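**Q** Sharing the feature lines straight out of Swiss-Prot:
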type	residues	note
BINDING	1110, 1113, 1134, 1137	Zn(2+) 1 binding site
BINDING	1126, 1129, 1156, 1159	Zn(2+) 2 binding site
DOMAIN	68-130	domain 'BTB'
MOD_RES	2	N-acetylalanine
REPEAT	322-362	repeat 'ANK 4'
REPEAT	366-396	repeat 'ANK 5'
REPEAT	490-519	repeat 'ANK 6'
REPEAT	542-572	repeat 'ANK 7'
REPEAT	588-617	repeat 'ANK 8'
REPEAT	687-716	repeat 'ANK 11'
REPEAT	769-798	repeat 'ANK 13'
REPEAT	802-832	repeat 'ANK 14'
REPEAT	836-865	repeat 'ANK 15'
REPEAT	870-899	repeat 'ANK 16'
REPEAT	905-934	repeat 'ANK 17'
REPEAT	971-1001	repeat 'ANK 19'
ZN_FING	1104-1164	zinc finger
């Protein structure tokens, strides 16, 4: 709407803008003409020109007698006028010639308008007034006397006053005066606001003009003529369109409205009659299938409906889709939404429809008849009209299977009784809503069937009402002849339905009316969607009595009604009542007592028991109610049954007792009650588990405590692994179930017994390992269990079959917390040895458990000094094993680093570390205070030991730490002797370079290190010899040992060719004899090859030997036997042994010189044997 208004205003503004532009153009033209005239005029002052004077004189003659030759009658006055002035303006002043006229009569015109015209004629001045009537009259007067300029000025003045409300009037005026500008302007405004014009706006317009305008403005002139309620215009349209009738009469406009419907909706009976007389279709329908009669009723138009019915409209026409007849629409009216007058008019229409032959049994798209609709709408007026119709079928059902009576029993009337409702504005529901004046009562009086069973479900109206929770309706039907034992397709009676929905009053009434409380359903009822969350007790069950239903759906008030009825039925005078049977079972084999328990109705259950219900009845699966209550975990029901003496000894088909079931279902109160009643607490289940274990295995300590409190044995010997005997404590520890183990300990079970063989000796290792619970807990690392065992007096020093105590087991299993607990125990003995002879400390060291070892040392300070069967303490063993971690640990706990092995060797840890070759351990022992000069039983220091092995680094470490490098052992050997003896080149280098050891010292055998080298030299002897000379260039090579043997002789005797060559190369004497007269020339060897090569390699003359006898023939020198020397080998010879002479070129001896036979051969043959 707002957008349309804006569009119209914009169009109107556009017209005004166009008009303004025209005026601007005209003004510009006028100014142009004025300037042109001024240029052509006399150059004299404009006030002195002839034209100016003439105009001024004419203006002054207005209403003056001067020069007057004419009288004009204006109203009651006579005005002096001048013919020449009038003639100058127009020639149309009178029918006669103006020159012969003495008086002009204008008394028929408005005097004020006339005077305004005369003033303009004389002065050319016109005063506009905001009065459209005045301007219109002035324009008409100007048109009468053909004063064209005045008319144009008035026309423009009127245009500024035109609006929606007066545009029609001005259009008429413009048309009369042929004022085309004004007429076009009004036409534009009419076109812009065509739909906003009212019938009053057209009332003064002539029929011809209005018809002409309507035809020009709309495609549907007839509809517009009816809307403005102009019958004369309709008549003109009918005359003009006579050839196209009646087709034109049945056309719908853009809004889908028919001409006849427009006339009827405005109550234009004459026009409507005219249209009908010209064959307008009274049954014409719109695109929705609604006829004129439907529309008339829809808008509550009694006039239209009556007119159409009288003119033969089809009274059974149905709309498209909804299929509603006029009777349906009439019935839809409700007194809650419409006034009593409207309702009365609808009743008149209904009466007229029925009199005209309307069918009261027609059904709409939902299958509802007008009677259905009137009941649903509460339309008592139409309802009463329909009941009077003899053709009315009361048993027709809608698509939901509902008869009119079903709808009526759901309709509660509002009482108008002042005693019930003293305040008219606040309606209240009357308690007796189904009185004789109610729809339902009137339908039954008219003959409606009270049962009307549904074809799909077989439910009668009574069952439907009860199922919908409408107890008042159900009571009404029950007391008005409904069949109380009617059964639907599932075998359910109204009493079942009432019990299922908790309708206590209806249940009582049905029982009074003779309903059978022992009828059982034949099939399970379908589960409604909204009941999906309800208890499953009522799902898929049949063979239910009404009492089953009431209990299953948890309606205790209904149950009470039936129980009271049983008590009353025995004394009732009414033979209709039947006594309920409480022993009947449903398809799940449940009695009403069981259902009462499951729904928590224990008061009802007690009453049922009081009425003779059996408490120990078994179901088909062998379960009693007590078993079922426990399995449902319904403690309240189970306790209820126990209080009422239910049998606790009955077993299920699986052999389970009530006690086992109660434990399995975690019901502590029920367990307590069963134990209180003397149940056997030792009965095992099918797996051999006693009740106490069942409780503990499921973490039910409260139940276990209850069992123990009632005297249950916490030890409980039973079968174990491999058929041995074990307690529950053994089993709990084996399964790592600490809470259970601790509970059993606190409950006083046997904490010290190991497992036992079975009665016939059954059992494998477990039966004979002798491990107590404390051993087992320590092995599995069960800290809480160990602590609990210690608190409750377990033997901390008990030994198993291997002699191990619990702390042995804990250490071997590396459980630190448990070790700490055991070490902290006041009664523990830390010196107990197992069969391997290991104490706890030894065990800790074996498993490198330093933390445990330290804890033991804190408790037992001498533990670290204990020795094994080889006399070794832990430090000795750790050093021998090169276990630096253990060594460091023992050092950290201040173990004695100088303790000796308690055997024949008496070695210290430092000796052992050197033997093991561990530099890091040697260093740490020295740092820890080990004595570096401690001697072995052979009086050897650690340096002696290191020198014998290839341990140069350790030798350096010992030297750095101040070892006595000059110390000699029992054979007088210092470290260098031993290093040379074992050929340790690197050790020798360290000794020769890093200390001042005496390299020429003789041992007890009179041998220096080089003698040792000659005697014991190995492959690297030559390298060692070179090292000696490198470190000691002036070493005495020819110094003999105690036997008089030099290094060369010793090496030659050992066949050490490399060493011999090195010694000869160093300039040693070749022919020195030992004490036995042996030298390298006469020593018996297999071949002289080595000797010849040694002689051949001589590069300079060797030193001469000295002595008292010949080195070759041993002849003593005297006066007759002179001394000679071999110039090649330097030996001392007699004359006979040195007869050969030969130049020795390599010695730069060019003259022949004396040589021995061997050297002669070497020099002549080249060293070849």
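Every residue, even glycine, has its Cβ placed from backbone N, Cα and C.
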**Q** For the binding-site residues 1113, 1129, 1137, 1159, which one has the sparsest Cβ surroundings, going by other Cβ atoms within 10 Å?
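**A** Lowest Cβ count within 10 Å among the binding-site residues (1113, 1129, 1137, 1159) is 1113.
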**Q** Distance check, please: Cα of residue 1159 (Zn(2+) 2 binding site) against Cα of residue 1134 (Zn(2+) 1 binding site), rounded to an integer number of angstrom.
**A** 15
**Q** May I ask which residues of the same chain, at least 6 positions away in sequence, place their Cβ under 8 angstroms from the Cβ of residue 1156 (Zn(2+) 2 binding site)?
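**A** Spatial neighbours, sequence-distant, of residue 1156 (Zn(2+) 2 binding site): 1112, 1126, 1128, 1129, 1131, 1133, 1137, 1138, 1140.
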**Q** Per DSSP, residue 1134 (Zn(2+) 1 binding site) is which: helix, strand or coil?
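**A** In three-state terms, residue 1134 (Zn(2+) 1 binding site) counts as coil.
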**Q** Can you tell which of 2, 1110, 1126, 1134 has the least company, meaning the fewest other C-beta atoms within 10 angstroms of its C-beta, among these recorded positions?
**A** 2
**Q** What is the number of residues in the repeat 'ANK 5' (366-396) that are helix, strand and coil, as DSSP sees it?
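**A** Taking the repeat 'ANK 5' (366-396) as a whole: 16 helix, 0 strand, 15 coil.
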**Q** Other than 1126, 1129, 1156, 1159, which residues of the same chain sit close to Zn(2+) 2? List them in sequence order, counting a residue when its Cβ is within 8 Å of the Cβ centroid of the site.
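**A** Going along the sequence, the neighbours appear as 1071, 1095, 1127, 1128, 1130, 1131, 1133, 1138, 1155, 1157, 1158, 1160.
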**Q** For Zn(2+) 1, what surrounds 1110, 1113, 1134, 1137 with a Cβ no more than 8 Å from their Cβ centroid?
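**A** Leaving out the recorded residues gives 1109, 1111, 1112, 1114, 1115, 1121, 1133, 1135, 1136, 1138.
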**Q** Determine, to the nearest whole angstrom, how far the Cα atom of residue 1110 (Zn(2+) 1 binding site) is from the Cα atom of residue 2 (N-acetylalanine).
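**A** Rounded to the nearest whole number, the Cα-Cα distance is 159 Å.
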**Q** For residue 1134 (Zn(2+) 1 binding site) and residue 2 (N-acetylalanine), what Cα-Cα distance in Å is obtained after rounding to a whole number?
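**A** Here the two Cα atoms lie 162 Å apart.
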**Q** Quick test of the contact rule: Cβ under 8 Å, at least six residues beyond the ends. What residues does that give for the repeat 'ANK 16' (870-899)?
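**A** That would be 841-842, 845, 848, 850, 853-854, 857, 864, 907-910, 912-913, 915-918, 920-921, 924-925, 928-931, 934.
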**Q** Could you tell me whether the repeat 'ANK 8' (588-617) and the repeat 'ANK 7' (542-572) have 3+ CB pairs under 8 A, leaving out pairs under 6 positions apart?
**A** yes
